[in-house]
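Student: The structure that follows is given in the form of structure tokens.
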Amino acid sequence: MTCFVAFATDNNPLQDFCVADENSPVLVNGLVCKDPKVVNENDFFTSGLNIAGDTSLSPVGSNVTTVNAATIPGLNTLGISLVRIDFAPWGINAPHTHPRATEILTVMQGTLRVGFVTSNTDNRHITKVLNEGDVFVFPEGLVHYQQNIGHGNAVVIAALSSQNPGVITIANAVFGANPDISADILAKAFQLDKNTVYQLQARF
């Protein structure tokens, strides 16, 4: 007896574009496409990345302005998004990870220390100081950060290889989980006493 199995896939777009229909009640993994006959130039456009984000309200001294399919519906299914990050002097973009995207960052203004950590068991810290015009890549899923090490403001533009890269800020996720992760677990994991864990959970 002969048996044949065939698999077929096409991970490329099957049409010119799939502008997100924000009014559709249908739930899919992504966003439903608008009728291409009613698409116009504004579905592929946004503005405002020339405007500095307000860092004064951030406890870490940074502000992220996101451009994704919610901002530009024409980005839907194209697998990319963009952010502008503004940093106050010595501000940071705290250690975080994008579970669905690689990030490529370009410094537009200022001087930053950036870095990422490789996966277990090496946990190798790869770090570099970047100046205006420098470009750095953070591989998908790895914990990474940026810090403005200058006395003035800093600005970066970063592209991500997903329309919805996701972001998990490590401290917020661990100490701000809802409901709380057990203080016993966090105390052992981070080698802290329970009172310190409780204080951190109260802050996040």
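Just so you know, glycine gets a Cβ as well, placed from its N, Cα and C.
These figures come from a predicted structure and were not determined experimentally.
Annotations per TrEMBL:
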type     : residues                     : note
BINDING  : Asn93, His98, Glu103         : oxalate binding site
BINDING  : His96, His98, Glu103, His144 : Mn(2+) binding site
DISULFID : Cys18-Cys33                  : disulfide bond
DOMAIN   : 49-198                       : domain 'Cupin type-1'
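Are these features on the surface or tucked inside, and what are their neighbours?
Tutor: Counting every protein chain shown, the Cβ of Asn93 (oxalate binding site) has 27 other Cβ atoms within 10 Å.
Non-local neighbourhood of Cys33 (disulfide bond): Gln15, Cys18, Val19, Ala20, Asp21, Asn76, Thr77, each in the same chain, at least six residues away, with C-beta under 8 Å from its C-beta.
If you average pLDDT over the domain 'Cupin type-1' (49-198) in this model, you get 96.
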Student: What is the total of other Cβ atoms whose distance to the Cβ of His96 (Mn(2+) binding site) is within 10 Å?
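Tutor: Around the Cβ of His96 (Mn(2+) binding site), 18 other Cβ atoms lie within 10 Å.
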Student: What residues, ordered by sequence, lie under 8 A Cβ-to-Cβ from His144 (Mn(2+) binding site) and sit at least six positions away in the same chain?
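Tutor: His144 (Mn(2+) binding site) has long-range Cβ partners Pro95, His96, Thr97, Glu103, Val114, Gly115, Phe116, Val117, Phe138.
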Student: With DSSP as the reference, give the number of residues of the domain 'Cupin type-1' (49-198) in helix, strand and coil.
Tutor: 22 helix, 57 strand, 71 coil
Student: Give me the long-range Cβ neighbours of His98 (oxalate binding site): same chain, 6+ apart, Cβ under 8 Å, in sequence order.
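Tutor: Result: Phe138, Glu140, Gly141, Leu160, Ser162, Pro165, Gly166, Val167, Ile168.
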